[in-house]
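Engineer: I'd like to ask some things about the structure below.
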């Protein structure tokens, strides 16, 4: 049924393809006339198209001419002419779809035409890639096309300072990773001044490897966190003791597969008895549930000397794939502290969420979203339901000739790898290039040792050094090449039979000291000859490898996602080349062991010898079933993350919208008057909720009012004015006190000046919003941590989260209003008045207006925490954390890396 829904949701039907084909025909009809343009005339086409758009013409109508201009510019600068299917893919992107294009169809070039067309609006286009290396490489290469047409391109890289980032965002087209774009959005919404903002809106995004970014990585939200306030360490120690008294299956359940725990009724009673509390589910006790869950996870799911080690009294995480210690990394959401408490070492400060957003909600902010991938069909339903994105299957430029062989299944892993090595050796001996895909670094290194023992030269790629690995992958199609790679390694780089001419030419020019940005004219002059020489160099070898059967792709294990299996296969058979693929499996592979142990066990007990491969429908069905289970679980996880973030997203949009308007200079006078009215009304309502004037405690009410503002009218004055307590009404009381508060506010404004008062209002409200929002995020984190247990009380956790989250948000907004009013009345303020200053310079004298300067305790920009943690999905979708100042790596010059096999720090990018 799911596949039927997926087919129905795919928009790549005859009608859509006919529309795209018509666009391609229109562009082709213009090609000969565009070829007659001089370089200057082609550049002027950009100005003409921009003016026509400003005069009201729609981008859809400008598409044929814009795409024709890009095709011609690309031919002249890169020596690459867009195929018709690449133009169709570009049109699909412009229309806000996902273009499903097979590996090797030139997706990087596809993005140039829609990026150029949409950049004509002046609003900026974002092109999102999976890592820094690809962002920089594509920006450098495709930036040559944009510059030729008079546009600028930028690139966002980790560790760039805000001034550089702002410059890159100001470009017409900006490249970068999903994490960098997302973190910039969050940092902009933590800014204290308009000058700190770097982004300029979310208009049009093209997401490369869209299934990886919008599906695989969407399970992990982006989080910026800093040291938490208050003492929570006591609770970690307390709960570490509590859980030693609890027994698995009796007091709690553990699911190792999902890495989750659930507390049973008996366990809850023991915890309540130990802590001396009546009900763990009461809202006041909500934070305790998170401590309990983490303590059980630390006890059952995190094993010493496997998941972590203790060195010098410190808990250090061990990489599950490499066995290496990950210095500086800490588990988030209190997990690291729970392990420290369990081990009895010093508990280091917990981090508090300062800003967070899911990738789903970040990308849904774009006015228009599009994407490219070779494998979107299996997720078409999710793309439509989450992002309202249709999937358009673009035909290949040439017919596919790859042969996909049936899987070979062995009883155990050792025998499987023996067969793998034998197959590689046979192919290598005759010179056929081989690409071997593994699911982990550990398996890559194991296979590497086996190959070395047999004397087979090979390269191992583990997605650690993107620049160096792209250089190796680019040459993985050469005769006799053997390349072992994890699924994530070397993405975005074409494996061309005989070698990658484009990559060779880039490396050649870099070796001569030429840079496409720094030496633009020399570079463009040298490119045609370098590219032609590189093409000639690989031509003969290309023919030889074709004769040998093309690239052979060998998978050593099925991945938990069908898409990633298909991506690996797709590395072979590009652009109509011959190719072959096969998967070698064992019944002890993780996928079979965890998700279809029954089928695996039946086959294990069969009489087939260990070293004989099994080929059976039962195996195929077991694999399909296991992959279906994992995909279903992951989809449910993403859906769950999104449901909960949708609750927070509505609140985030409201708060971030207010912050942005304040930063941009909104006049808050009316809003502050509403704050004043609302706060005083709430105080009076609370004091007069029962009885009549004779029953009300006027002394207490006046005490409360004095904490808010310097009241100038006494309770006796108001009572006398009303004609006694018995005759006073709530409305009269509100009218009198509000009138007094407004007079006091006016007097304060006269004392410091209207302009200064407006600035004070902005600074106070911004400061209070910032502090209260962080407190709110902290409370929402704790609410979410314990909300799952509401299911035991027969309540829907999501509904409970929505309900309590709304109540907490209302309470936060009330606190923002009350604190803002209190500060505005009571802050001691020093004001340097506004003044007009005459300035003399070379052009003569002119007058500059200097805004009033306000100084008050607590109103300066808050001090930035010494360390900020950035948590985001890695390329495998798993959560990874880096501490600011120690980046997870920054890409280097790709061609230089190709030349010397090492990545160097990238220079600061310039707007171009």
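Each residue's number is its place along the chain shown, starting with 1.
Cβ coordinates are placed from backbone N, Cα and C, and glycine is handled just like the others.
Note that the structure is a prediction, hence the values are computed from the model and not measured.
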Engineer: Write down the single range among 807-859, 860-912 that appears in Swiss-Prot as region 'Disordered'.
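Structural biologist: Based on what Swiss-Prot states, region 'Disordered' spans 860-912.
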Engineer: Look up residue 107 (ATP binding site) in the DSSP assignment and report helix, strand or coil.
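Structural biologist: Where residue 107 (ATP binding site) sits, the three-state DSSP reduction gives helix.
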Engineer: Which whole number of Å gives the largest C-alpha distance between any two of 86, 104, 105, 106, 107, 108, 494, the residues noted as binding ATP?
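Structural biologist: Comparing all Cα pairs, the maximum is 16 Å.
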Engineer: Using a 10 Å cut-off on CB atoms, tell me which of the binding-site residues 104, 106 is the least crowded.
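Structural biologist: Counting other Cβ atoms within 10 Å of each of the binding-site residues 104, 106 gives the minimum at 106.
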Engineer: I'd like to know which of the binding-site residues 105, 494 has the most other Cβ atoms within 10 Å of its Cβ.
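Structural biologist: Of the binding-site residues 105, 494, the most buried by Cβ count within 10 Å is 105.
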Engineer: So if I draw a 10 Å sphere around the Cβ of residue 108 (ATP binding site), how many other Cβ atoms end up inside it?
Structural biologist: 21
Engineer: So how many other Cβ atoms are close to residue 86 (ATP binding site), meaning within 10 Å of its Cβ?
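Structural biologist: The Cβ of residue 86 (ATP binding site) has 28 Cβ neighbours within 10 Å.
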Engineer: Please list, in sequence order, the residues in the chain of residue 107 (ATP binding site) that are at least six apart in sequence and whose C-beta is under 8 Å away from its C-beta.
Structural biologist: 89, 99, 101, 208, 372
